[in-house]
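Chemist: To start, I am sharing the structure in question, which I have written as structure tokens.
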Amino acid sequence: MRILWIVAVCLIGVEGNLFQFAKMINGKLGAFSVWNYISYGCYCGWGGQGTPKDATDRCCFVHDCCYGRVRGCNPKLAIYAYSFKKGNIVCGKNNGCLRDICECDRVAANCFHQNKNTYNKNYRFLSSSRCRQTSEQC
């Protein structure tokens, strides 16, 4: 399933929420940083189960939960307004659903930045067999 997410990110056009989320991550952590989070731990990438492996993986768990609360539009496809101001992500004037998606992505990108010291290369492309514990509730 994670491979499908990678393909989806690669195939998405110049706009679209996943592309915008990738730009937020790269803006906070540097060019091409998004590739470090596409398949990481138990929650970064498509789907998720088990217990987050570290603070970085927990950022993805919280992001998944946030997307799960969004109502009224598709979080992975909707296009929202945002910008960077003095290194900070600022969500623009969006309606309720788009505002919620932007906030989910902004919080996750900031979380990755705040927890970059917990990033563990051993959790990249982690086998799903290492994520079989009972999943936490959002």
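Just so you know, the numbers here start at 1 and follow the chain as drawn.
Backbone N, Cα and C atoms are what each Cβ position is placed from, and that goes for glycine too.
Relevant sequence annotations retrieved from Swiss-Prot are reproduced here:
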SIGNAL    1-16  signal peptide
DISULFID  Cys42-Cys131  disulfide bond
BINDING   Tyr43, Gly45, Gly47, Asp64  Ca(2+) binding site
DISULFID  Cys44-Cys60  disulfide bond
DISULFID  Cys59-Cys111  disulfide bond
ACT_SITE  His63  active site
DISULFID  Cys65-Cys138  disulfide bond
DISULFID  Cys66-Cys104  disulfide bond
DISULFID  Cys73-Cys97  disulfide bond
DISULFID  Cys91-Cys102  disulfide bond
ACT_SITE  Asp105  active site
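Describe the structural context of these features.
Modeler: Under the DSSP three-state reduction, Cys131 (disulfide bond) is assigned to helix. Long-range Cβ neighbours of Cys131 (disulfide bond) (same chain, at least 6 residues apart, Cβ-Cβ under 8 Å): Gly41, Cys42, Gly48, Gln49, Gly50, Thr51.
In the three-state DSSP reading, Tyr43 (Ca(2+) binding site) counts as coil. The number of other CB atoms found within 10 A of the CB of Tyr43 (Ca(2+) binding site), across every protein chain shown, is 26.
For Cys60 (disulfide bond), applying a Cβ distance below 8 Å and a minimum sequence separation of six or more within one chain yields Tyr37, Tyr40, Gly41, Tyr43, Cys44, Gly45, Gly48, Pro52, Ala108.
The Cβ of Cys59 (disulfide bond) has 26 neighbouring Cβ atoms from other residues within 10 Å, across all protein chains displayed.
In the three-state DSSP classification, His63 (active site) falls within a helix. A simple way to gauge crowding: the CB of His63 (active site) has 23 other CB atoms within 10 angstroms, across all the protein chains here.
Around the Cβ of Cys65 (disulfide bond), 15 further Cβ atoms fall within 10 Å across all displayed protein chains.
Within 10 Å of the C-beta of Cys97 (disulfide bond) there are 16 other C-beta atoms, taking all protein chains into account.
Sequence-distant contacts of Cys102 (disulfide bond), defined as residues of its own chain at least six apart whose C-beta falls under 8 angstroms from its C-beta, comprise Tyr80, Ala81, Tyr82, Cys91, Gly92, Asn94.
Within 10 Å of the C-beta atom of Asp105 (active site) sit 26 other C-beta atoms, taking all shown protein chains into account.
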Chemist: Quiz question: given the disulfide-bonded residues Cys42, Cys44, Cys73, Cys91, which has the greatest number of C-beta atoms lying within 10 angstroms of its own C-beta?
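Modeler: By the 10 Å Cβ neighbour count, Cys44 comes out on top.
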Chemist: Which one is it, among the recorded positions Gly47, His63, Cys65, Cys97, that lies nearest to Asp105 (active site) by Cα separation?
Modeler: His63
Chemist: Sequence gap of 6 or more, C-beta under 8 Å: which same-chain residues meet both conditions with respect to Cys138 (disulfide bond)?
Modeler: Asp64, Cys65, Gly68, Arg69
Chemist: Tally every other Cβ atom lying within 10 Å of the Cβ atom of Cys111 (disulfide bond).
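Modeler: Counting Cβ neighbours of Cys111 (disulfide bond) within 10 Å gives 18.
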Chemist: Using a 10 Å cut-off between Cα atoms, which of these recorded positions sit near His63 (active site): Gly47, Cys73, Cys97, Cys104?
Modeler: Cys104
